[in-house]
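Structure, as structure tokens:
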């Protein structure tokens with residue numbers, strides 16, 4: 001199916017697009033668009049692991065504010081900007097080199113579905129977790145991450161039903177806010193997040209309120225409206241309500257299972273291992289999203305239950321029933337590793353299948369020789 005996206009965000013249209021149009025001119029024509037997409041993702045990953053190294057349990061900013069060196073925050077601003085730029089020009093570059101393919105579209109959105117959670121998890125290091133005086137609780141982090149991922153899912157669920165990707169306004173705004181936040185932290189230090197900023201509220205409170213407001217009162221109603229409009233115009237991809245809602249079943253069940261684990265965990269797993277748990281949430285969600293993106297691109301029906309739900313249900317049951325006991329953290333670590341390996345393996349397999357099917361290389365514009 002032909003890729004179509006609509007971007008109505010004034011920040012993107014009037015400020016960012018002209019910048020990308022300048023940057024794109026310096027990219028050599030022999031570089032494959034997927035290489036741009038992938039480089040941006042690698043930068044996000046490197047940045048995430050760098051911050052994790054200095055702040056594994058999200059306490060550095062709160063208890064020992066100098067623990068994360070200033071250069072790390074500046075590096076975060078730099079990598080976030082580069083990833084944002086590369087993600088914004090890869091499509092333009094594909095059109096410029098006449099190499100737009102379904103593989104490129106999947107590669108872009110698939111990596112975005114994973115990057116979305118990594119952006120959020122890196123940002124949590126700026127505000128630090130609740131230490132009684134400042135910071136946000138690990139439960140707020142979990143809800144915050146879930147809302148961001150829900151938003152991502154919504155735009156692709158909408159495309160599954162309408163055939164058009166309405167780029168959420170939140171994307172450009174969030175990237176610019178992230179970059180500004182890292183620059184501010186680098187310039188002033190993490191203390192800026194720990195002082196009340198207006199009427200006894202902290203900047204982090206304002207950001208959480210903004211995010212929830214944006215999602216629930218802007219993005220989600222817009223999604224429903226766009227689907228409703230397509231329904232009236234009779235341009236919906238799916239005839240039945242069941243088919244239209246099908247892609248939402250697995251993500252909602254995933255969220256339900258994870259929330260049950262968070263709330264009923266005897267060892268309070270989220271408080272003990274926030275970084276591991278939230279990483280696992282992001283990866284599992286990314287895999288579910290990728291399946292929906294593939295179904296939407298190939299006009300096929302997603303399965304009702306994503307396979308991740310079965311092992312996850314077993315682990316959650318074993319944890320909340322007390323069967324795991326003191327091994328809960330170890331089991332989480334093993335499960336997180338397996339989920340991550342499975343997701344990477346899935347990505348590599350799909351990429352290879354598509355590159356063979358379309359007779360192209362993933363990271364090169366050279367044509368494959370017909371076997």
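Cβ atoms here come from the backbone N, Cα and C positions, even for glycine.
Cross-referencing 178-196, 330-348 with TrEMBL places the feature transmembrane segment at 330-348. Counting same-chain residues at least six beyond the ends of the transmembrane segment (241-264), those with a Cβ under 8 angstroms from any Cβ of the stretch are 139, 142, 146, 149-150, 153, 156-157, 160-161, 227, 270, 277, 281, 284-285, 288-289, 291-292, 295-296, 301-306, 308-309, 312-313, 315-316, 319-320.
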